[in-house]
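J.: For reference, the structure I am asking about is given below.
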Amino acid sequence: MNEDLKVNVSGLPQDYLDAGAAGNVSAAVSSQVPGVEPEPELVVNPWDIVLCTSGTLISCENAIVVLIIFHNPSLRAPMFLLIGSLALADLLAGIGLIINFVFAYLLQSEATKLVTIGLIVASFSASVCSLLAITVDRYLSLYYALTYHSERTVTFTYVMLIMLWGTSICLGLLPILGWNCLQDESTCSVVRPLTKNNAAILSISFLFMFALMLQLYIQICKIVMRHAHQIALQHHFLATSHYVTTRKGVSTLAIILGTFAACWMPFTLYSLIADYTYPSIYTYATLLPATYNSIINPVIYAFRNQEIQKALCLICCGCIPSSLSQRAPSPSDV
């Protein structure tokens, strides 16, 4: 509509424009285009709306897990503490995405940008670290099955939680403490105001943790296969039953690791090779799948767990289905 208005102005007779005063021109324009106002331009990025929607879903889903674990004293085992840590980290990540959307369009300032990006970095870092901690816990629960339920395991779990949250908070504080590109745009990464070096550290740390998780899951698969084979021999199961049980356990681990890699690997690799000069659409297209990992995590780690399923059923309907109470754990629940 602005272009139409310019056309109307330039379409006036040239001799009239030369002879008339500025006030006359304005009056002429007003008389030719009465009541015309420029159409409001789209001020909200659709990608930001999608990210905010994703953050809302993440917050609601993980809030349920946090409340279930917090209000059930029976869910205080190391495994549930780590699942709770994961849910809390994802919950904060979802809140960070929502706050980022609100601040970006309602309260624009350098301080809010730094606080928001710090919260997002810290929460997503805690989420990834919690996934690694869960992997370590699962490996230890299988490798040291006889001594796993000791006080030493609980102490080790608390140490892991303190370390992972301490590290994540430190990473989130880096932009606030000055490691940002607000003063020098040339140092910006694909996510402003993170610097290229900051993004590279986060990406390399992720690749290292992914490699460690891959190695641990390979060891877990070996242990699961060996345990399933021993159980089959002790109970004289058929080879087919042993194969099915082992395949379920390995398939579950493959889904867990494959989902994690599919969600985070695109953004990680893109952060290493790209900088602020790249089109922002590529950043959104790779960052969005990373947020999906926080949506999938409760389904994989929390809602598949029998104890959490029982607690959720008690909250929703006040009873526990007989099929759930009689179900025995299997290697596929690893």
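Heads up, the Cβ atoms here are built off N, Cα and C, so glycines get one too.
Feature table excerpt (TrEMBL):
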TRANSMEM  47-70  transmembrane segment
DOMAIN    61-301  domain 'G-protein coupled receptors family 1 profile'
TRANSMEM  82-108  transmembrane segment
TRANSMEM  114-136  transmembrane segment
TRANSMEM  156-179  transmembrane segment
TRANSMEM  199-218  transmembrane segment
TRANSMEM  250-269  transmembrane segment
TRANSMEM  281-303  transmembrane segment
J.: Given pairs 6 or more apart, does the transmembrane segment (281-303) have at least three Cβ pairs under 8 Å with the transmembrane segment (47-70)?
T.: yes
J.: Between the transmembrane segment (250-269) and the stretches 47-70, 82-108, 114-136, 156-179, 199-218, work out which stretch tops the count of Cβ pairs under 8 Å.
T.: 199-218
J.: Go through 82-108, 114-136, 199-218 and flag the stretch with the largest number of C-beta pairs under 8 Å relative to the transmembrane segment (156-179).
T.: 114-136
J.: Residues of the same chain, at least six outside the transmembrane segment (199-218), with any C-beta under 8 angstroms of its C-beta?
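T.: That would be 121, 125, 128-129, 131-132, 135-136, 138-139, 171, 189-191, 253, 256-257, 260-261, 264-265, 268-269, 271-272.
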